[in-house]
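Per Swiss-Prot, the features are:
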- 1-20: signal peptide (SIGNAL)
- Cys44-Cys58: disulfide bond (DISULFID)
- Cys52-Cys68: disulfide bond (DISULFID)
- Leu69: leucine amide (MOD_RES)
Amino acid sequence: MRSIISLLLISAMVFSMIAAVPEEEGLQLSEDERGGCLPHNRFCNALSGPRCFSGLRCKELSIWDSRCLG
């Protein structure tokens, strides 16, 4: 009986912590978990390697220079 009550309390605590995370922050975490997204004006590779954050694109400025830009 105690184990059932403990399990319910732990489940309620986990659910309340998940609900407390703002939606945008949750999206940012999932982008980071996908494989290291890059912020604005960082070097990137359009074909492989780390991707830019959502809303940014890897733009080729020259043959050797590509950056995450909006």
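One is the number of the first residue shown, and numbering goes on along the chain from there.
Placed from the backbone N, Cα and C atoms, the Cβ positions cover glycine too.
For Leu69 (leucine amide), the same-chain residues that are 6 or more apart in sequence and have a Cβ closer than 8 Å to its Cβ are His40, Asn41, Leu56, Arg57, Lys59. In the three-state DSSP scheme, Cys52 (disulfide bond) falls into the strand class. Listed disulfide-bonded residues: Cys44, Cys58; maximum Cβ neighbour count within 10 Å falls on Cys44. Around Cys68 (disulfide bond), the same-chain residues at least 6 positions away in sequence with a Cβ under 8 Å from its Cβ are Leu38, Pro39, His40, Asn41, Arg42, Cys44, Cys52, Phe53, Leu56, Arg57, Cys58, Lys59.
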